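Take a look at the structure below.
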């Protein structure tokens, strides 16, 4: 299988050299340093698991994204010494890109250590962590419009831009791309439901124009958020429990496999995907989350000054720039998959990511804000609501037949460009 360039090591062959042939399914033995060094690097790990040195070497040197880690200390210094706003904003912006990647990697490696259900939950939701952190940081600073535009921008980035680029790069391999229409349609229906529920408060605002608007809007936002969270929990239960009850705990066996063969295959796949021992993955999360929170807070606090000083619309920052740092770690692999593998791998990632923002992240932020006394309304501007609905309808139309071509990709990328241009000139 071709190597994912997004996971290409910064130091060639260094990461793979830490492992014996067990990662390729042959010996299963870890390579340990001799003598006392071996005892040190093997500190606190299960039998056959990567050592702490191996774990953190893979985490820190396993992706080109980690080059941007150099901006993390620069961001901290810039904020503490009150450098000019360009440096504070820019350093924080670039620092969050690798931190978002590391958050996802550490979450996934933690999931490897868990049972099937918990691991499935962690894998499904790990990509949403950075969006929750950014949304919560902005909400606590009462930057409600930043929260709204950043979440809307994440939806449009996944749904329109990345989907369009995936269609375009797939067209480099074949005139017409194919993906599993039924599976994609299932996710697409959930995504559509989530986005339409998000649009309900704005639709009510247009239709009713009630003098008691603020209180009624608050009730609608909170009620819609609770419904969306219940829908998302039902989706998780369906994916992790109901599907397993139909196909068994390990999925549908391939032809010719016995149950024991299937168990062995699943265990071998788990071992191949394990690059960190369990405790090191948890420790990495404990380190990364507060550093990410610090950089995100610095970024949010500098947006107002950056916007006014350089005459850049806050709407553009929230809708276009912030989704770049939150979704870059997922969008690059999605596009690579479309270029290297069948399109049916990339399309569900785009649609599923959109569904998570609409049905999990946004309603969760509404509920958290409700609890903390920092209320987040689902009243998007009328134009933003129209953009969301048009994007959802266009994507639904394009994915219904389970086929794609370069013209469909061009339509989506063109739509995203016009959306970005519109918000660039907005104030």
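Counting begins at 1 with the first residue displayed.
Keep in mind that glycine also has a Cβ here, set from the backbone N, Cα and C atoms.
Within the listed segments 319-345, 346-372, TrEMBL records transmembrane segment for the stretch 346-372.
Check TrEMBL against the ranges 189-207, 246-264 and you find transmembrane segment recorded for 189-207.
When each of 85-103, 189-207, 346-372, 405-425 is scored by its Cβ pairs under 8 Å to the transmembrane segment (56-78), the top-ranked stretch turns out to be 85-103.
With DSSP classes pooled into helix, strand and coil, the tally for the domain 'Sodium/calcium exchanger membrane region' (281-424) is 124 helix, 2 strand, 18 coil. The stretches the transmembrane segment (189-207) and the transmembrane segment (346-372) meet in space: the count of Cβ pairs below 8 angstroms, excluding pairs fewer than 6 apart in sequence, reaches at least three.
Within its own chain, the transmembrane segment (85-103) is flanked in space by residues 59, 63, 65-69, 71-72, 74-75, 78-79, 126, 129-130, 134, 284-285, 288-289, 291-292, 295-296, 298-299, 302-303, 305-306, 309-310, 321, 324-326, 328-329, which lie at least six positions past its ends and keep a Cβ under 8 Å from the stretch. Of the Cβ pairs linking the transmembrane segment (346-372) with the transmembrane segment (219-238) and spaced 6 or more residues apart, 3 or more are under 8 Å, so the two regions touch.
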